[in-house]
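Trainee: Just passing along the structure, written as structure tokens.
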Amino acid sequence: MDVRHPTHPDQIPTFDTSALRGHYLVEELFEPGAIHTVYSHQDRVVLGGAVPQPGSPLELETEPPLRSEYFCERRELGVLSLGQGAVTVDGSTYELAHRDCLYVGRGARSVSFDSSEGGRFYLVSTPAHTSYPTSVARHADTVPARLGDPATANVRELRKYVHPDGIRSCELVMGVTELAEGSIWNTMPCHTHDRRTECYLYFDLPPEHRVIHLLGQPHETRNMIVRNEQAVISPSWSVHSGAGTHRYGFVWAMAGENQAFTDMDHVAIDELR
Ligand SMILES: O=C[C@H](O)[C@@H](O)CC(=O)C(=O)O
Ligand SMILES: [Zn+2]
């Protein structure tokens, strides 16, 4: 488990490219036959990737930084399936298709991942004060919000999975946004939300393409060049927006003080520096 400490916005101008990437970019989450996790002290979000090999399920183990008997002892967990696979939680198996979401409530003792056809799972976990039921939200059954405009190259569909009017949780708010062919911008005009950390995982981006992801306070932005299946941790003071060299999708997940999706401090394009 990689541990990332929080940063102050005044540090941003002092970071070179590799320092910026070391603090905010999660480059290697998905390795065949392994589970990788990152513990961020930004709202104590844990990000992870699980890639089970056919016939060899992977069990989510606790890690020393958690000081817990099992992973979900004090935590809830969101799982976003990138492909076809199954997650077994305390003996109940949930089959997931590409972009389906499983929420695992606090107290689940055993969580394991299995796939016979190259499935992979993105994990986001946050501290939990109580136990909400483990449940599934399927991409095919979720009515998306249709956002954006062709003129601004940001036509996209947003699906909320874990949120106050969907799967209930303690802190976690989670969903997927997918851009239409020919659209490249997400979250522009952009925003911050001082009450929450937000993490993006970009997916469905061809290997030769990249997303130019913007971060930092609105008046002092930086960029990182991001590959497919890499994640970005955005502290509460940071914008989180990007433009791809190709269409893509991204999993967004938030944790912190509140769960109100509309609690955003909007930033006008002409305020950005
Ligand atoms: O606070 C909310 C998040 O930044 C994302 O949900 C934004 C997003 O998915 C989009 O604009 O497409
Ligand atoms: Zn946001």
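Cβ coordinates come from backbone N, Cα and C, glycine included.
Below, the features straight out of TrEMBL:
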BINDING   His191, His193, Glu198, His240  Zn(2+) binding site
Trainee: Check each residue in the chain of His191 (Zn(2+) binding site) that is at least six apart in sequence and keep those whose C-beta is under 8 Å from its C-beta; list them in sequence order.
Mentor: Val239, Met264, Asp265, His266, Val267
Trainee: Looking at Cβ-Cβ distances, which residues of the chain lie under 8 angstroms from Glu198 (Zn(2+) binding site) while being 6 or more apart from it?
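Mentor: Within the chain, Glu198 (Zn(2+) binding site) has Cβ neighbours under 8 Å at Ser234, His240, Trp252, Ala253, Met254.
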Trainee: Just going by other Cβ atoms within 10 Å, which of the binding-site residues His193, His240 has the emptiest spot?
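Mentor: The binding-site residues His193, His240 were compared, and His193 has the fewest Cβ atoms within 10 Å.
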Trainee: Three states by DSSP: which one describes Glu198 (Zn(2+) binding site)?
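Mentor: In three-state terms, Glu198 (Zn(2+) binding site) counts as strand.
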Trainee: With a radius of 8 angstroms around the mean position of the C-beta atoms of His191, His193, Glu198, His240, what other residues of the same chain does the Zn(2+) site pick up?
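Mentor: Other same-chain residues near the Zn(2+) site: Thr187, Cys190, Thr192, Arg196, Ser234, Ser236, Ser238, Val239, Met254, Met264.
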